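Features reported for this protein in Swiss-Prot:
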- 562, 566, 664, 668: Zn(2+) binding site (BINDING)
């Protein structure tokens, strides 16, 4: 009964549903309401605001089977995964919660009843822990539940500070906290380990299966513990641990879910030893990677995306270690969906996208994996001592895409540690170089610290009077500036938009009688807006009143491009999938640039579909509606928020019909029809997993279309036709070119045949074998293959090496007749010569080609060929 993981999950949720709990779906692995969390790592994450009293639900009891990831950040199990019985990057946390409803006695009774009556675990196999001073919990266990006192273990402050204990939970330095009680299962005396609190507690005999937290205090900054008005309960039980117990196995990797994934991975790769730890790593990692992609995380070089990339690459490396020769990881997704059952619904809905994303990342890493592993292996073989230097670790990271933990994983297998401090130093040095390379001018934003606020009135007004509150010249605060000075002007209120969210700062003028300040840019300095520019007339002092005038034409063109990025974002998500998220943007009066997460190049047909979708929304002339609301309300309405952006409690929401809704502080058109026309000008990759679209709108789009039309007409004229016949005429020209190339090759072959007759006379005989070594002049590299074939036919039993030096390059070809490949291999011969002319190459035993970059060394290299061949023909 309840042998499978799926059955356990259902039994748990049904038990608590029947006891008045609301069954709540697992939340996303990407926390929606907690910027402090990288990933959802506990069942209580989605209820954090409820526990803090900031959110109220229609229920006071809840139960969940929450998907969790612990990799990266504070909670990071990645290094141990595969090497222990219970560490995972992904796990499911079964939990029940009380929000000011029941408390200690009911929480304890629910847990004990489920374990002993529903799952029928032997009571004698269970023991419990309580916080040292939690007499109430001790009494409940002992008097109400009937657990013998010797099986109730008090745990004190065992982590070096008051309330720092395995049995005292706290959300942070202040806020809700309280004691907890934990239930442990005894796997038997055949396994090493001691009871909780004993010196041997880290063994695997006694395993914690359920943690019940009693949130009863509100910790003050002073350390004082004040009682909460409504104590609550937060519990958690890892489904993998309880499944291992129910299935009679000791390791989590032996339960049904992992058995199926390990077997499938072994089948795909061709491995027979199912106990191999690398199979454990792969089976664990496919769970976290697949569900992260399903929840919208894409591999990238920052934040959550980089953690995902690290996990994928670790799995790929372990596959390589097992002998995988092609992409295998993504092929585990169907098996994962099958074994996860109801918990995989979201994954099943996004299966195609998940498989494509994993395959793309795996194939990309495969291009550098072998070479990187070769360099690492060489470094480890030459290592003196037990520490790999930080420079090598950095080179593997920077050049071959090896995350530090992947390098550490390889080193661990050889009892080598990595110099993480040296790696960090190399990283810091690279950042300094990059920063220095980017500092082409003064960085006002970094240099100026302005303790002032500027009110923004530019959503509705483009002109207005304002008082000068500060002036900065050469980074220093000054009371006045004079004509010709390049400065930063700070106003108390401004219609100028300061660069933010990808939208460039406004340009315009600040004027008064006899004074004109030309604003070339507007930037944020904390809460102040700084107007950068030049005082072109008069003198200006702090306290003066000016009229601020934004350049209306530039602002209007910028607004067109900003509004269309919202439409573009929504269109990309419709066409490519909801995994698409904005990674960056640039919106100026001339064009727009939009960076987004996607695992492959956008196909021409997809780009066309995106463009048509955006233009359809433009033609529908939606009114842009702007509203301010609480951020939680905005997210409930489906507003897109950007990861990494910091939002206030009140946010600005921009809606375009039923097509797009985003959080945005930028300026926009009144209706989508104002945009006029949208035209994509380019699409390409800028980083692994990140694509970029560049586009134009309005008059710029019309000009772009006109330019394209003009080029089409010019091409038609060159082809002596009209625009309708360009494609047909180009095809005809290409066919003609192919025929000419074919005719030319035939001529080259005839010339090669004629030349071979003369060259054959230059062959020398070595031990009865014709050997021809020749440097050729005036012969195209493309003709070498045909020439070599002709010579082999003429010379019969022969070894041939031909070289051509032209335009600073060397081309080599080696040919060996079939009767001689047992003694002389063309690939080895050509590789030997190529190494001496700055190149490399290879091929079959009977024919091989190579190139080089040092033609000046060709004669010397060829002089060594005859002795090399003679030695092998002896």
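Placed from the backbone N, Cα and C atoms, the Cβ positions cover glycine too.
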Starting from the Zn(2+) site formed by 562, 566, 664, 668, give every other residue of that chain whose CB sits within 8 Å of the mean position of their CB atoms, in sequence order.
559, 563, 565, 624, 654, 662, 666, 667
Sequence gap of 6 or more, Cβ distance under 8 Å: name the residues on the same chain that satisfy this around residue 566 (Zn(2+) binding site), in order along the sequence.
654, 656, 660, 662, 664, 668
Which has the fewest other Cβ atoms within 10 Å: 562, 668, the binding-site residues listed?
668
For residue 664 (Zn(2+) binding site), the number of other Cβ atoms found within 10 Å of its own Cβ:
25
Provide the three-state secondary structure of residue 562 (Zn(2+) binding site) computed with DSSP.
helix
Look up residue 664 (Zn(2+) binding site) in the DSSP assignment and reduce it to helix, strand or coil.
coil
